[in-house]
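Lifted from TrEMBL, the feature list:
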- 1-87: region 'Disordered' (REGION)
- 9-27: compositional bias 'Pro residues' (COMPBIAS)
- 31-43: compositional bias 'Low complexity' (COMPBIAS)
- 54-66: compositional bias 'Basic and acidic residues' (COMPBIAS)
- 354-669: domain 'PDEase' (DOMAIN)
- 432, 433, 434, 435, 436, 473, 584, 626: AMP binding site (BINDING)
- 432: active site, proton donor (ACT_SITE)
- 436, 472, 473, 584: Zn(2+) 1 binding site (BINDING)
- 473: Zn(2+) 2 binding site (BINDING)
């Protein structure tokens, strides 16, 4: 039975010397004490086919592997042959009794190096091998050594090609592993399929580590996905082969499953399946923490899983870990988005506008602005005097008067639903309520009518400004940004990293209303106009943050000094911000009675840099706060507006007049020794009449530019 051995670790033509080329063949009669030689002509015992359970561990992939010592390996510097030990080793390796052995070195004609050993065992007839046998074998390999070395090289190239193909398949697995999916079961099914194909395994299982219960959970198998949780497989995370790998975090290659102490063969006994070998490897996340375990069972094209399979599994586990971790995170994000969507739907349900409401609003058509009030388009008109139930129609009237409904071919039913939804989107705090939004929108209309904005801005910019005025305080909670951040509210968690917490929430609510069925007034816009409209609304609503206004104030001053340039896009942006802020503060441009009534509510915006004092009514000194606010915020804004639009001079004058009134109120507090938190109701009788006289005098041109009563010479 001649056998040929070759080292698998080096190319055939560059193998280290197993036996010197000049070494003669080695002939060894191996006869154990008392052993009988097989009878002549009797067939010798056959070695067992590789790959079967119980075979010697030296059989691998159909090859017989010998350690580098003894007779077959002694030429490489091994120990002297030990006949008894050699005999026992050969018997265990071959599976039959060895009585005689002949080893002949196979020399490469290209390199003159030993590339293999030709070994013959148990000469027929029970005789010992002779020198003639040696010469016959040598003579045979003189003609076949080249074919042998070429075949060995070809096998090695084939093996290398196969490994490269597997690595290429592993690279293609990245596409599957990193595909965005929130269904972990689908991802695990793909991982199982790819792992089984990569390693040529009969079965693959994947367990995920449940850190809460400290169990390994499997609900995805080769046969598919188990939907019912009652059919999940759960095993303790510290038991069995999978538990050992999950605990140690190290790969485990078991060549004989039944001989391993951690293997439980009860499942095989009950199912009839036979587990021969197992390759179990951990799956880790980016933090190198074990999140699961994969188990490959029964190598198909070999007796067990090789070192190459281990390396392949290690590389594959990296992709698996990252993809599973990302899929779990993607699932959490998707669930959070779903919960947010459900919450938004619930909110919109309670804000839902019935068909009766919008039909009633449009039943008599859109009312002309002249029918609302003959002073409706004058700066002196006070929009808060209009009953709240009439404000939705007033919004439609202003949009029609500015010709936006016709220019943008707006559907009246959609517009009516939108207006009613925006109204319902406001809560009822003391100041930032729907009536404030209506007043701000009305002031935008006044700017359009009195300052000829069409000469300064594009139609879509003016339209965006008006809609932003309607939506700029949606769902306001009556607190400022500082309070939201300090209280670590949900809104602060969502928007604090970007700044302008409340303003970003207002814009988000506006988008939510636009996305509500039947409320998207921009639905017929082109993609370009739709995107620009939303961008304009975002920038304009964010401009209502006074911190933003203070950041751009120097740019506004510079624009006012050099003059507005309609061709300058930055000037367009700055002007929109200035107009929005002036609309937001427009209550300061009304008569003294209106200004005084909203004074207490202004504490929310007036002193954003001192929120605690402003939220504490016991400490807030309202007259001084109003004076400070008007001098440092309101008056500079309307002064800029006057510089850009000379027709806006009356707005600045009225703000200056109101500041003077607050100065007198502060003086009255001091004279009477009133506490800072005293009610302003005592001013009703004293100042209402004076306020009316001053308004009358102003209308008659009897006030100078400083707001003082002029002396008329008799």
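Positions of Cβ are set from backbone N, Cα and C atoms, glycine also.
Keep in mind that this is a model prediction, so the values were computed, not measured.
On the structure: features taken from TrEMBL.
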{"residue": "432", "record": "AMP binding site", "Cβ neighbours (10 Å)": "25"}
{"residue": "433", "record": "AMP binding site", "Cβ neighbours (10 Å)": "18"}
{"residue": "434", "record": "AMP binding site", "Cβ neighbours (10 Å)": "20"}
{"residue": "435", "record": "AMP binding site", "Cβ neighbours (10 Å)": "18"}
{"residue": "436", "record": "AMP binding site", "Cβ neighbours (10 Å)": "23"}
{"residue": "472", "record": "Zn(2+) 1 binding site", "Cβ neighbours (10 Å)": "26"}
{"residue": "473", "record": "AMP binding site", "Cβ neighbours (10 Å)": "26"}
{"residue": "584", "record": "AMP binding site", "Cβ neighbours (10 Å)": "25"}
{"residue": "626", "record": "AMP binding site", "Cβ neighbours (10 Å)": "26"}
Students should find that the Cα atoms of residue 433 (AMP binding site) and residue 472 (Zn(2+) 1 binding site) sit apart, in Å rounded to an integer, by 11
Residue 626 (AMP binding site) in three-state DSSP notation: helix
Residue 472 (Zn(2+) 1 binding site) and residue 436 (AMP binding site), distance between Cα atoms, whole Å: 10
Would you mind sorting out which of 435, 584, 626 (the binding-site residues) have a C-alpha within 10 A of the one on residue 472 (Zn(2+) 1 binding site)? 584
